[in-house]
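What TrEMBL says about this protein:
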type	residues	note
ACT_SITE	ASP294	active site, proton donor/acceptor
BINDING	GLU143, HIS211, HIS232	Zn(2+) binding site
BINDING	ALA154, ASN235, ALA236, ARG243, HIS272, LEU328, SER329, GLY330	substrate binding site
DOMAIN	62-401	domain 'Amidohydrolase-related'
Amino acid sequence: MPSNKSVSDAPIFQFTNCRILRNHELQREDLWVREGKILNPEKLFFDEKGSADIQLDCKDSIIAPGFIDVQINGGFGVDFSLATDDFKSGIDLVSQKILSHGVTSFCPTLVTSPPSVYHQILPQISIRNGGAHGAGILGAHLEGPFISKEKKGAHPEHCLRTFEAGAFQDLLATYGTLDCVRIVTLAPEMKRSSEVIHELTKRDICVSLGHSVANLSQAEEAVQHGATFITHLFNAMLPFHHRDPGIVGLLTSDKIPAGRRVFYGMISDGIHTNPAALRIAHRAHPKGLVLVTDAIAGMGLAPGRHTLGQQVVEIDGLNTYIAGTKTLSGSVATMDACVRHFLEATGCSVETALEAASLHPAQLLGIEHKKGTLNYDSDADFLMLNDSLYVQATYIAGEQVWRQDTLGM
């Protein structure tokens, strides 16, 4: 056979004996990878007359796109809202540790903090590709401080702010920089929010609605100005009411601009959202559901007291509360556990559960041409999972970055 090096000298990997998630279904096909990208085997055979250099038997695993977590406040003792001297080593630790839970890209999330904290932390967050060092960083998610006092949840009230005076300039002064910012969560009922939403979306920053007492028409107006996401649906917003469904009503609103999709985050940890509520949301708007962990520093640690920005939180099993209260404060769930719980709670297909943690967050961020799918030419960020959706191995850019030692590959 002629050499397969006509186009590139890089080795070609062929993953065999697997079911790959492509076009919304698991298909019994091989996965071909070269130079960190998914390869089209037809082009390889017919145009390059090439073949695989290395074949890997996947032992009947499921191969799915890597998970993308767009709301994670920290984990493994690291709190992204704490301005420490070793902030960078903290973010490196989390990005390394979440590989075992199938996360290949994430948005480090900062909860409501004083301006000095944003000014210290944001210049230390850089957008970067994933690899053996850890999951890729897609940019920061700033949750607050422009949120409602009534629905502050675990956010410290003394740090909440408005942008009534200077609109976008107030936001800029608070954060100091928007260079690495990918998502901003704000309450759309705040005065001058439309101007702010417009300015953020103009800069390709995703605006999410949350920690809010907005009614449905205020939420719809925010979407008309460019908002595309809802932060942890049902949590920290007005409960659904049949005469004014509030932000929840966006899932079935007829006022969404043509060609636009509203996405919504769900914490599928069995604590934050009752399974019946998960099912209602999923059945109302399945294509918009994005699984998020909303994990805090205590994820991966023993029960006890930990920090969340300016607050002290207490972990009791899977429950995390502001210390001394019953106010929920983020989760200690991992993304793979959220996917399994979502599958069980909704009775959806395996494909649907996997796409809620991969394709949908990629679509939300407008990166689905390179992340969140196994389409040809997309980044070879993928997972091997068993039938119960436990992660067996994690790959970024075609390189194995984590594996369960028992896999024996």
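Glycine is no exception: its Cβ is also placed from the backbone N, Cα and C atoms.
Feature annotations (TrEMBL) mapped to structure.
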| residue | record | Cβ contacts under 8 Å, 6 or more apart |
| --- | --- | --- |
| GLU143 | Zn(2+) binding site | GLN71, THR109, LEU110, VAL111, THR112, HIS155, THR185, SER208, GLY210, HIS211, THR231 |
| ALA154 | substrate binding site | VAL111, LEU308, GLN311, VAL313, ILE322, THR327, LEU328, SER329, GLY330 |
| HIS232 | Zn(2+) binding site | GLN71, GLY210, GLY265, MET266, ILE267, HIS272, VAL292, ASP294 |
| ASN235 | substrate binding site | GLY153, ILE267, HIS272, THR273, LEU328 |
| ARG243 | substrate binding site | none |
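Looking only at the binding-site residues HIS211, HIS272, the densest Cβ neighbourhood within 10 Å occurs at HIS211.
Of the listed binding-site residues ALA236, LEU328, the Cβ environment within 10 Å is emptiest of other Cβ atoms at LEU328.
A simple way to gauge crowding: the CB of ASP294 (active site, proton donor/acceptor) has 29 other CB atoms within 10 angstroms, across all the protein chains here. Cβ proximity to the Zn(2+) site centre (mean Cβ of GLU143, HIS211, HIS232, cutoff 8 Å) flags the following additional same-chain residues: GLN71, GLY144, ILE147, GLY153, HIS155, THR185, SER208, GLY210, THR231, ASN235, ALA236, ASP294. The Cβ neighbour count for GLY330 (substrate binding site), using a 10 Å radius over every protein chain in view, is 33.
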